[in-house]
Amino acid sequence: MSQVKSSYSYDAPSDFINFSSLDDEGDTQNIDSWFEEKANLENKLLGKSGTGGLFQGKTPLRKANLQQAIVTPLKPVDNTYYKEAEKENLVEQSIPSNACSSLEVEAAISRKTPAQPQRRSLRLSAQKDLKQKEKHNVKMKAKRCATPVIIDEILPSKKMKVSNKKKPEEEGSAHRDTSEKNASSPEKAKGRHTVPCMPPAKQKVLKSTEEQELEKSMKMQQEVVEMRKKNEEFKKLALAGIGQPVKKSVSQVTKSIDFHFRTDERIKQHPKNQEEYKEVNFTSELRKHPSSPARVTKGCTVVKPFNLSQGKKRTFDETVSTYVPLAQQVEDFHKRTPNRYHLRSKKDDINLLPSKSSVTKIGRDPQTPVLQTKYRARPVTCKSTAELEAEELEKLQQYKFKARELDPRILEGGPILPKKPPVKPPTEPIGFDLEIEKRIQERESKKKSEDEHFEFHSRPCPTKILEDVVGVPEKKVLPITVPKSPAFALKNRIRMPTEEDEEEDEPVVIKAQPVPHYGVPFKPQIPEARTVEICPFSFDSRDKERQLQKEKKIKELQKGEVPKFKALPLPHFDTINLPEKKVKNVTQIEPFCLETDRGGALKAQTWKHQLEEELRQQKEAACFKARPNTVISQEPFVPKKEKKSVAVQEPFQLATEKRAKERQELEKRMAEVEAQKAQQLEEARQQEEEQKKEELARLRRELVHKANPIRKYQGLEIKSSDQPLTVPVSPKFSTRFHC
């Protein structure tokens, strides 16, 4: 951790060096004599006081030999830092500054108080308080060590040059301060040795960023005011005209400007945290700055227009530019090589250098202006009237009029009537060919065939009836039953169902579908239109009903009579009543009745019923029952005769006549338009010829050279300079005077 080092005062002996004598050229050899004597004296004093061992083996002018102040730690709570600093100041005030024993006292104090680590606060407010406290300590110590010192004896800072010239105001103020101090404390001046004070460069007041910004803004305002004045003068000269002589501005005497260090503008670091000063050889660093640039010969002044304030509203010429579609822009961007890949030509570099040839020469030859009107807007897509008329002409030329042949009846003069249509014969009625009549005829022919005479023909008797029994089925040989022991001992014996319990399954009667009657037309049953009532989908009503039923059931159970306890009578133990013993009958052998035999008989029976039903339906379908004939009683169909009026002759207009009139009007209009165009072209040609003649006359007038008179200017008055000659002073290369 870095330790906080307070500023210290230097106890110098009574015999001090006069720095004004160092400016003499003859004393340059013994410049370092005073510093060597000073270092030897300090080593002697420290050796006597017992601290000489600390400084052995070190050069006398090292910074390590300098005295270190007492370290006080920083604490965030309470103002302990300020209290410790005040105690330190009191201790320093009690000890005289010129006493050599002060080193011993401070060494003893530093031994007693152990070095504590510094606690650095990162807050800006704490840093500002620290800076103010340090400034206050520096001022207090500067007052204590203030002695009657001549200003010429103050050591120069590292950045300032040693110069004999000083402002009279500063000298006067310095003399006043020294005289006042000498008058107020004559006794102190006698007792104390004269000590060189701190140089003024170290007592700089640090400015805040706000003050620096204000200074910058003030400077900028002053520059703007000066520029305005110059512009006004230049404007007056320009308005006065070219013929008047231009007044040259008289060069003023150089004004002395105070030093302005750029380091003051930077944000300063804490003085305790700055890096140690590195010693640099002054002679090696000399003449490293760049050489002064050669003066460039200025050419003639080129008159430039005033950059006055103008409106920011864009005009039509500025806004409108060549229209390039977005697709074309994208394609150009991908095809274009970036500028950074293009090689620069040497001509561009040559043009950058200032030269007399770069001044533009005003040409006297007339030149046509390079107008950019064709690039202002996008190309016009709509066609002009001239183009439209040309297209119409082409269409008219392409269209060929073809006249129809003349009808000779028009010239005859008689009325042209339409041809009469041919007379159609009257409708002949045709009788209806009904299907019923055909069926009646077919039925009569069938009846005649049925009435034919029946003759009996005997058939031969089958021999099988005589040989064997026919129609009785053979008796099936049943298998012998195998006896099995009855399973009485089994607990989980499955009892076979008795025949009484078994319900006889009725055989499923398969009904054949009726044969459709193809004579009757099919009429589908139209479903009845029912309006569906929209009900809300909810379970609330159902839940409520269920809850009501539940409550009703609970009430009924509650209303029911409470069962009364009735004790059973005691049994009679005298007689033992046992159930009668049931004697089971012996199993009798019965023939087996298989389900397969029963199923086959049922199937044969159902098949027989189906055949009978089909035959009956076929017979019913064969019998046709005709509907009564109502056509005979109705009136026959008679077509109605149309009652058309006689055709009346109407006036008519031929399309050829109409087209001929329109054609004549069009030709007349076309001839008028052509005549107007020819007249306009003739007028335009005449105007153009007149303009050319006027332009030639104007150019001839302008080309006649008129020489300007020779201008007369005031003679130059050469004035001798009032400034004194520069006195050469040898430079002070030694860095020892820089504190």
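From the backbone N, Cα and C atoms, a Cβ is placed for every residue, glycine too.
Pulled from Swiss-Prot:
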COMPBIAS  126-137  compositional bias 'Basic and acidic residues'
COMPBIAS  166-180  compositional bias 'Basic and acidic residues'
COMPBIAS  207-218  compositional bias 'Basic and acidic residues'
COMPBIAS  418-428  compositional bias 'Pro residues'
CROSSLNK  Lys476  SUMO2 cross-link
CROSSLNK  Lys640  SUMO2 cross-link
CROSSLNK  Lys732  SUMO2 cross-link
MOD_RES   Thr59  phosphothreonine
MOD_RES   Thr72  phosphothreonine
MOD_RES   Ser121  phosphoserine
MOD_RES   Ser125  phosphoserine
MOD_RES   Lys128  N6-acetyllysine
MOD_RES   Thr147  phosphothreonine
MOD_RES   Ser256  phosphoserine
MOD_RES   Ser291  phosphoserine
MOD_RES   Ser292  phosphoserine
MOD_RES   Lys304  N6-acetyllysine
MOD_RES   Ser309  phosphoserine
MOD_RES   Thr337  phosphothreonine
MOD_RES   Ser358  phosphoserine
MOD_RES   Thr368  phosphothreonine
MOD_RES   Lys374  N6-acetyllysine
MOD_RES   Ser485  phosphoserine
MOD_RES   Thr498  phosphothreonine
MOD_RES   Ser730  phosphoserine
REGION    110-143  region 'Disordered'
REGION    156-219  region 'Disordered'
REGION    347-374  region 'Disordered'
REGION    411-431  region 'Disordered'
REGION    658-694  region 'Disordered'
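In this structure, the CA atom of Lys732 (SUMO2 cross-link) is 23 Å away from the CA atom of Ser256 (phosphoserine). Of the recorded positions Lys304, Lys640, Lys304 has the largest number of other Cβ atoms within 10 Å of its own Cβ. According to DSSP, the secondary structure content of the region 'Disordered' (658-694) in residues is 37 helix, 0 strand, 0 coil. When the C-alpha distances from Lys476 (SUMO2 cross-link) to the recorded positions Ser256, Lys304, Thr337, Thr368, Lys640 are tabulated, the minimum falls on Lys640.
DSSP gives Ser730 (phosphoserine) a coil state; it is part of no helix or strand. Ranking the modified residues Ser256, Lys304, Thr337, Ser730 by Cα distance from Lys640 (SUMO2 cross-link) puts Thr337 first. Lys304 (N6-acetyllysine) is 23 Å away from Thr368 (phosphothreonine) when you measure Cα to Cα. According to DSSP, the secondary structure content of the region 'Disordered' (411-431) in residues is 2 helix, 0 strand, 19 coil. Residue counts for the compositional bias 'Basic and acidic residues' (207-218) under DSSP (helix as H, G, I; strand as E, B; rest coil) come to 10 helix, 0 strand, 2 coil. Per Cα geometry, Ser256 is the residue among the modified residues Ser256, Lys304, Ser485 nearest to Ser730 (phosphoserine). Here Ser485 (phosphoserine) is compared against the modified residues Ser256, Lys304, Thr337, and the shortest C-alpha distance is to Thr337.
Distance from the CA of Lys304 (N6-acetyllysine) to the CA of Thr337 (phosphothreonine) is 36 Å. The least crowded of the recorded sites Lys476, Lys732, judged by other CB atoms within 10 A of its own CB, is Lys476. For Ser485 (phosphoserine), the number of other Cβ atoms no farther than 10 Å from its own Cβ, over all displayed protein chains, is 5.
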